[in-house]
Amino acid sequence: MTATHGVAGAPTERPVQTDGGSDGKPRKTSLYGDYEKVYPRRVQGRFRRIKTITNWVLLSIFFVGPWLRWDRGPDAPDQAILIDMPGRKAYFFAIEIWPQEVYYLTGILVLMAILLFFATALLGRVWCGFACFQTVFTDLFVAVERAIEGERSDRMRLDRGRLTARKLGLKTAKTLVWLLMGLLVGLGFTLYFGNTPAFLVDILTLQVGMAPYGTIAVVGGFCFLLAGYAREQVCIYMCPYARFQSAMMDDESLIVTYEDWRGEPRGKARKTEDFSQRGHCVDCTLCVQACPTGVDIRKGTQLACIGCGLCADACDSIMDRFNLPRGLVRFDSVKNQARRAQGEPVSIRWLRPRTVIYTVALTVAIAVMATALMTRSRLEVNILAERSPLYVQLSDGSIRNGYTVKILNMERVDTMFTVAVEGLPDAAMTIVGYDTVADDPRTARLAVAGDSVGTFRVYVSAPPERLDGAATPFTFRVEDEATGESVTQSANFNAPAR
């Protein structure tokens, strides 16, 4: 039952769970369970092998990535994956992203989200179990802990024992190795922000500012804390994915399941025992001990289950020991489990409305991103009108407006551009430091260095009788003389009201 305690006029305390004491009176108990540290047990099996291979592949990509080279021509960084903060650009092999193209990164995130939804609909939390950086680094940190402190029972006994010189030595050694691993992760991340060979030497010889060291400390510190100590708490409480994963799955999605119709009633068993009159589960709890989040899969699918399959490996080893069929714990769908319980044939239906929708969405997203990247403009123009004064009346009676024209040349070579004023009859253009085309006062040729922004002071004048009023719309057209690519930007020509 619940009880509420308080006095009149005072704030009421939160309800607390109560149970009866030995004297029959209510007794307060906590609403929250105490934290119990999880000590994952080492298991062998196919899912463990898949996790190990995946871990090494992903870690290799992470640490080798900054060292990959990609030739972009002279005077360009040759690092394949680089976030160039001073140059305000990001490079990914042949793709080059400028700050104003950040929407491409948004598109990539959307694409990855759809891919995650698709994978979840097919294979459940396969991302969490095998590819999430939290899972990968936690698995690595646990392996180091196991190598230093011993197997599961040894680690539990060490933690529960009193503080001795041996315990202090083991804990210190583990912590130091974890700190070194965290710093290496932070260093690996930081190397993506500079030319790796030279940047690494500068970092090791203390030739850089505080920003790289701060990045190494922050990233390494989070890795140390989250992978070494928080572990499964990140998956259960901090990560939002676990909260909405059920919305992306259906009863045909593959998840880790327990065949309760075959395993129950469970109980301890001898190796020679007859299982014809009892369940196949021998209640060894190895599935719980192997789980990195401490889940008992026999209680059904739970939020904390990350779908790594290690419990299935543990259970299969026990089934082999008792000469029982494997798969008491397996990757299966809810619908297939119901069929197995009825003795009906099972099948995996990959094509179903949910997966078809995700496939179509994924295909469209890939097509849109590929088209946008292949057809994106290598030229960008910005026009800023002068505000003080809005206009000037010249001695011949014409009206002059001032503009700042910025031309971004995303090519790596110096480029000549033609700038023209359109939609403003009898207009004339003057550019500070440049000459207009002899036979057309509305056109000028401007040179912009490769991979840079050219800023030009432009004056446009027009006779007042050819203007529409206080603000006459017109356009600037900028054309790349080499490729013919052009960009137009709208502007207003200000004049006295008539």
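Even glycines carry a Cβ here, placed using N, Cα and C.
Unlike curated records, TrEMBL annotations are generated automatically.
According to TrEMBL, the feature region 'Disordered' maps to 1-29.
Outside the transmembrane segment (50-68) by six or more residues, the chain places 79-82, 129-131, 133, 136, 139-140, 188, 191-192, 196-197, 308-310 with a CB less than 8 A from a CB of the stretch. Look at TrEMBL and you will find 50-68 (among others) tagged as transmembrane segment.
The transmembrane segment annotation in TrEMBL covers 102-123 (among others).
The transmembrane segment annotation in TrEMBL covers 176-193 (among others). Same-chain residues lying 6+ beyond the ends of the transmembrane segment (176-193) with a Cβ under 8 Å from its Cβ atoms: 62-63, 65-66, 81-85, 137, 140-141, 144, 148, 199-200, 203, 212, 215-224, 227-228.
Annotation comment: TrEMBL describes 213-230 (among others) as transmembrane segment. Residues 134, 137-138, 140-141, 178-179, 181-187, 189-190, 193, 203, 238 of the same chain, all 6+ positions outside the transmembrane segment (213-230), place their C-beta atoms under 8 angstroms from a C-beta of that stretch.
Residues or ranges marked as domain '4Fe-4S ferredoxin-type' by TrEMBL: 271-301. Taken together, the residues of the domain '4Fe-4S ferredoxin-type' (271-301) have an average pLDDT of 91.
Outside the transmembrane segment (356-374) by six or more residues, the chain places 95, 104, 107-108, 110-111, 114-115, 117-118, 121 with a CB less than 8 A from a CB of the stretch. Residues annotated as transmembrane segment in TrEMBL: 356-374 (among others).
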Composition by DSSP (helix, strand, coil) of residues within the domain '4Fe-4S ferredoxin-type' (271-301): 8 helix, 0 strand, 23 coil
